[in-house]
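Contents: one structure, followed by commentary.
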Amino acid sequence: MEDSGNLFDVYETNGLPIWDAPQHECCVGDQDNVDRLRRRIKYYFMNPCEKYRARGRKPWKLMLQLVKIAIITVQLVSFGLSNQMVVTFKGENLVTFKHLFLKNYADGDTDNYAVYRQADVYGYISHSIKQYGNLYNITLGNHEYEKNGDLYSPLTLCQTFYRNGSVYAGNETFEIDAEVDTDCVEFYPDHHPSPEEVMSHFPLHFKRLVSVTVTFVLKAINLQTIRYRELPDCYDFTVIITFNNNAHSGRIKIEMDQDVSISECRDWEIIGASSEVLYLTEVFDCVIILTCIASFILCTRSVLTGIRLQCEYSQYCRNSSGKDAPWSDKLEFVNGWYILIIVSDTLSIIGSILKIEIENKVVTSYDICSIFLGTGTMLVWIGVIRYMGYFKKYNILILTLRAALPNVIRFICCAGIIYLGYCFCGWIVIGPYHEKFRTLNTVSECLFSLINGDDMFPTFKDMNQKSSLVWVFSRIYLYTFVSLFIYMILSLFITIITDTYTTIKQLDQSGTPTSELQEFLSMCNDLPNSGVYRLERSSSCCLNFISRFRKDEQILTSEA
């Protein structure tokens, strides 16, 4: 993880590399400067242990990465446990509201919960309003009504319907105004209307009805966090009950959803506990931010070092052979692991800032914070593979993945075109007769499961047999897809990886250079513990001083 140090250790008097200097200045010592370039590049590609033996430079970045992995993992676990309590509290409240405000609701009735008669619609609406007004007597939680000043917030009942229209299915005639209107009425907690009262004050236009919504707000406090030394949060649950009649099929599906707002409680007092844990957590998050910033700076410096060495090596190739260095050799100087760490540091810094804001109840974006922290931690742990690459036997995985990646991407592009063709075909032909092919998303998920050998028999069995033609087509479709992707495409994909692994293993055993850059570096036989790298580093200060002295002397001479 260490970089090559000062790239401009060896410079001539004009401050340019020897191959950029005038011809009369680069005749003497040309080979020495090329050897120095080899050593600097070789030093850049050394692992931290070799760099320590070469120049005695301690692997600060390596130690920093190991510390960062530990503290970021602790931070993620802490945030995950806190987030789990939030998710559990919101999910259990939603289930509670369904049992409290939905008539005859039972767990598992989400897809089949619907009404089919006009009287049932009024009955279910009236039940929700009554339960809302009788909340204190039925709830087991600490739920309260929302207040606006001294008044409770009302329950809002709204219907959405086409502005005007006449539908006569018997005569196969209709007239509909596409504009949609909304009509609303409010009910306060102390009002307990009957279905007949709701029907008289709020008649529903079933012929033109699009949907009916029942909306109200309840408050609650999540007290379970006290056991984990966290301050309880105050929740605002905006509950929305929707009677969906978009299809106008005679079946009105009933759904419930909630919007949750989390805030810091206005006035609180906890006996037997203190808020010091919260402050310690924020200090820990700040330590992580500073650690990630230090890692970001060091890795960015190493990336810039590699780019500068790439420019010097390219200039050497142009002057020695008259052609530029190959792109494959240039990319060797761009360390992908450093880029990975820089990205992970950026994500971890943003996630830690969001976590601090969440703990102070400034924002409540748990999902966004989870994405940043989770992705950052994932990339940090993936970066651990870099250290495994320092061991020759474990490095074969990294080399195989890197070498096979271009061929794998090309293969996936070709296979993806065939896959998309099957997705579109299955959606449009089999979709009306098979539940797993109703949408493009479910089609893709179903076909991907088939590739992995999962859920095969149910996919064949659940096919509707109302249309014999489509049923026969579905068999041909599924058999050809399974045969093509499992027996051919998947086997070819494995073959690409296997061939790459064999090639890398053979090259590793032979030890022959595989690129111009490796051939260039193979001519440097200086070992890390030879002491040459230490001498070169110590002499660089003298050379830089002589360079500046000669440059100042030239300026004074020209002025004279």
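Note: Cβ is positioned from N, Cα and C throughout, glycine not excepted.
Bear in mind that TrEMBL entries carry predicted annotations, made automatically and left uncurated.
Listed features, source TrEMBL:
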- 86-266: domain 'Mucolipin extracytosolic' (DOMAIN)
- 277-298: transmembrane segment (TRANSMEM)
- 336-356: transmembrane segment (TRANSMEM)
- 363-504: domain 'Polycystin cation channel PKD1/PKD2' (DOMAIN)
- 368-388: transmembrane segment (TRANSMEM)
- 408-430: transmembrane segment (TRANSMEM)
- 476-497: transmembrane segment (TRANSMEM)
* **Long-range environment of the transmembrane segment (368-388) - Cβ separation under 8 angstroms, sequence gap at least 6** => 1, 62, 65, 68-69, 72-73, 75-76, 79, 83, 337, 340-341, 343-348, 350-352, 354-355, 358, 394-395, 397-398
* the domain 'Polycystin cation channel PKD1/PKD2' (363-504): mean pLDDT? -> 86
* To do: Six or more residues out from either end of the transmembrane segment (336-356), which same-chain residues have a Cβ under 8 Å from its Cβ atoms?
  => 65, 72, 75, 79, 282, 285-286, 288-289, 292-293, 295-296, 299-300, 302-303, 306, 363, 365, 368-369, 371-373, 375-377, 379-380, 382-383, 386
* List the helix, strand and coil residue totals of the domain 'Polycystin cation channel PKD1/PKD2' (363-504) as derived from DSSP. => 118 helix, 0 strand, 24 coil
